[in-house]
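K.L.:
So TrEMBL says this about it:
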BINDING   Asp11, Lys33, 60-69, Thr119, Arg180, Gln189, 209-210  substrate binding site
ACT_SITE  Asp60  active site, for OMPdecase activity
ACT_SITE  Lys62  active site, proton donor
ACT_SITE  Lys62  active site, for OMPdecase activity
ACT_SITE  Asp65  active site, for OMPdecase activity
Amino acid sequence: MSQSKIIVALDYPDANAALNMADQLDPSRCRLKIGKELFTRSGPEIVKMLQQKDFDIFLDLKYHDIPNTVAKACAAAADLGVWMMNVHTLGGPAMISAAREAIGSHHDAPLLIGVTLLTSMDQQTFDAIGLQGTIPETVLRLAVMAADNGLDGVVCSAHETAMLKAELGNQFQLVTPGIRPAGSAKGDQHRIMTPAQAIQAGSHYLVIGRPITAAADPMQKLIEIENDLG
Ligand SMILES: O=c1ccn([C@@H]2O[C@H](COP(=O)(O)O)[C@@H](O)[C@H]2O)c(=O)[nH]1
């Protein structure tokens with residue numbers, strides 16, 4: 001198992017494109033994330049193929065449904081032997097605890113993480129969907145609910161990690177997308193930080209997609225990011 005804090009997001013339309021990127025990366029120096037596009041097109045087979053190349057897999061399907069449905073989906077994901085998987089905290093306490101119960105808490109169960117507010121969400125979007133208060137207050141409330149119902153950590157932006165670490169302790173895993181090395185395009189992300197700033201703020205894992213996968217030399221970019229982390 002890799003010790004890397006870097007999780008590379010494989011947002012690709014097919015297995016060949018994902019495998020081609022994986023072949024340019026070193027499984028001892030990063031983990032991989034499979035999200036909705038790749039999984040919908042390539043299914044459990046791509047999980048197996050990347051595991052056979054020795055990569056730890058974060059299956060980022062953000063389950064959000066009635067408790068029974070999410071519990072069954074989580075059990076199916078755990079059967080794939082993934083390293084990390086997630087549900088959406090907006091499903092609430094009953095859904096979250098059903099997910100926890102479905103995969104158990106034994107030492108080799110996947111890390112079960114809850115998505116709080118997406119890193120693409122800014123205050124304008126937050127207001128437009130009718131949520132009350134501020135983004136940090138809401139992320140804190142959802143993260144406390146996740147912890148109280150047995151999750152191992154949350155997906156949040158690096159802007160919230162110091163606050164969550166102070167409130168929930170260092171064992172609660174903070175997984176942060178929206179990572180942008182200096183000079184890279186923001187794209188559709190809003191709550192962003194550089195890799196070094198995110199680690200300094202307390203992130204346990206950095207999810208990085210396009211800044212690595214769109215680089216001319218993805219492994220070189222990964223090494224540059226590692227060097228920045230010190
Ligand atoms: O709040 C969230 C949750 C998940 N993501 C996912 O992370 C990657 C980020 O990719 P970039 O190319 O580095 O923007 C992507 O797969 C998202 O689905 C997120 O960005 N924010």
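Glycine is treated like the rest: Cβ placed from N, Cα and C.
All TrEMBL annotations are machine predictions without curation.
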K.L.:
What three-state class does DSSP give Lys62 (active site, proton donor)?
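P.N.:
DSSP assigns Lys62 (active site, proton donor) to strand.
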K.L.:
Tell me which residues of the chain lie with their Cβ under 8 angstroms from that of Pro67 (substrate binding site), as long as they are six or more apart in sequence?
P.N.:
Gly91, Ala94, Met95, Ser97, Ala98, Ala99
K.L.:
Can you tell me which of these binding-site residues sit near ligand 1, meaning the Cβ is under 6 Å from at least one of its atoms: His64, Thr119, Gly209?
P.N.:
Thr119, Gly209
K.L.:
Within 10 Å of the Cβ of Leu61 (substrate binding site), how many other Cβ atoms can be counted across all chains shown?
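P.N.:
Counting Cβ neighbours of Leu61 (substrate binding site) within 10 Å gives 18.
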K.L.:
Applying a 10 Å Cβ distance cut-off over all chains shown, what neighbour count does Asp65 (active site, for OMPdecase activity) have?
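P.N.:
Around Asp65 (active site, for OMPdecase activity), other Cβ atoms within 10 Å: 14.
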K.L.:
To the nearest whole angstrom, state the Cα distance for the pair Gly209 (substrate binding site) and Asp60 (active site, for OMPdecase activity).
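P.N.:
Here the two Cα atoms are 13 Å apart.
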K.L.:
Between the recorded positions Asp11, Asp60, whose Cβ has more other Cβ atoms within 10 Å than any of the rest?
P.N.:
Asp60
K.L.:
In whole Å, how far does the CA atom of Thr119 (substrate binding site) lie from that of Asp60 (active site, for OMPdecase activity)?
P.N.:
14
K.L.:
C-alpha of Asp60 (active site, for OMPdecase activity) to C-alpha of Asp11 (substrate binding site): distance in Å?
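P.N.:
With the alpha carbons as reference points, the distance is 11 Å.
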K.L.:
Count the other Cβ atoms sitting within 10 Å of the Cβ of Lys62 (active site, proton donor), across every protein chain shown.
P.N.:
19
